Each structure stands twice: as structure tokens, then as C-alpha cells.
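Each remark here refers to the structure printed beneath this line.
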Amino acid sequence: MEAYKKEFIEFMIECGVLTFGDFVTKSGRKTPFFVNTGNYKTGSQLKRLGEYYAEAIKANYKDDYNIVFGPAYKGIPLSVTVTMALSDKYGIDVSYCSNRKEVKDHGDTGILLGSKLNDGDKVLIVEDVTTSGKSIYETMPIIKEQGNVDVVGLVISVNRMEKGQGEKSALVELEEKYGFKSCAIVTMTEVVEYLYNKEVNGKVIINDEIKTRIDEYYKEYGAK
């Protein structure tokens, strides 16, 4: 496993973003782990988050994009910090773009924030976590309505590796529907592999009991 992946897993634990216990997802699934990206709150945390995304982007995509798009709402600050990190770390200077939930009818009108989307633009979408893919299904029509725009990829922080609308994962379903490449900074398989019986800040994060519960969860909800 690459060093940046290990660092990112510990970073999520330190920020209280990745936790283990008893949770219920929006879809009603009882899950033994939860990823709450709303816990990235400080400037230093957001800066580091952008850097991890930039590393994943650099590892998985050529420089064949000119817009980083973050779906509202969490994707708005995410798209900004990712574009800054790409510039700082790799000298890749691209624009950010996000959508509003409501169309603005005064001042800077329209549904987009940041850069406008024009014919020929190549867009890389950044999202926090995709369980069902709902936000991307909502976002793609907005992007496509702007003109002849090519969406080249989707980058998320954690691939939960769960069933989407069918038996396949949400990311695979999105890839098949829209024809782009997706990637994650880490997968839950990598998270479990790295944290199982490992101490982080003096505490074992995934012990035998939690590991068993995770295994049982994926027997029922894991993507085929």
C-alpha cells in the first residue's frame, strides 16, 4: 500500500472522520463504520485533504482535464482545496467549478460557482463518499446542460465497496453508465487491512470483534 494511503487512513481517524460503532446509513442499512467528511473543519485539515486528493489524482489520471468540479454542498470547498493542492504540489493550474442547489437570479446569475463550463472542457469530479451514486446522477445532467463538456473521471475519498442500485458497486455502475474512470484515495478493504489490530494514538481501532462485524456487513451488502 502506498505511503499516502496509510497516512490518509490515520488522518481520517485523527480528524474523527472515520469511526466504528453502530450506525444507520441514509438507505437504512445498519453499518459498523461511518465516514463523516463534515468533520474536516480547520484550514490545516482541509489543506491536507486537498493534498491527498491531489496525490490520488496524479496517480490515476494524466493531466487531461482543466476543470475540477465539486457537487454542492460538500464538494464546493473540496473542489477549491483540490485545485490549490494540484497547483502547489504539481504545478497543475486548473479551475474549480461547483453547482448551486438553487439557480441565482441576480448578480452572478446561474447555477454554477467558480469557472463556467464551455464546449471542449474536460471535467474531473471530486466527491467525498459515494454509497449509492445519487449525487453524481444528479450532477451529470447539470454538467451536460452547459455544453459539449467531457467528464473524464470521478475521485472520492473512500470507496465503501457496497452494492449500488444492483449487485455491482456504485462506482462501477457510474463508470458503466457514463464511461468515465473512477478512483478513491482508499478502499474499505485497504482501511481494514491497515487498521486491523493496529494501534493509532495508543488505541486499537479495528479489533477482532469489529473485524467480524465488518466481514458480516460485507457478506450482505458488499458489491459483487
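Just so it is clear, glycine is given a Cβ too, placed from its N, Cα and C backbone atoms.
Positions annotated as 5-phospho-alpha-D-ribose 1-diphosphate binding site by Swiss-Prot: K26, 73-74, 100-101, K104, H106, 127-135. Among the features that Swiss-Prot reports, orotate binding site is placed at T131, R160, with the record citing sequence analysis.
Structure coloured by features recorded in Swiss-Prot.
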residue	record	CB count, 10 Å
K26	5-phospho-alpha-D-ribose 1-diphosphate binding site	8
K74	5-phospho-alpha-D-ribose 1-diphosphate binding site	18
K101	5-phospho-alpha-D-ribose 1-diphosphate binding site	9
D128	5-phospho-alpha-D-ribose 1-diphosphate binding site	20
T130	5-phospho-alpha-D-ribose 1-diphosphate binding site	25
T131	orotate binding site	21
S132	5-phospho-alpha-D-ribose 1-diphosphate binding site	17
K134	5-phospho-alpha-D-ribose 1-diphosphate binding site	14
R160	orotate binding site	25
DSSP on T131 (orotate binding site), three-state: which is it? coil
Helix, strand or coil at K101 (5-phospho-alpha-D-ribose 1-diphosphate binding site), per DSSP? strand
What subset of the binding-site residues K26, K74, K101, K134 lies within 10 angstroms of R160 (orotate binding site), using C-alpha positions? none
Considering only the binding-site residues K26, K74, K101, which residue has the minimal Cα-Cα separation from T131 (orotate binding site)? K26
Taking DSSP three-state, what's R160 (orotate binding site) in: helix, strand or coil? coil
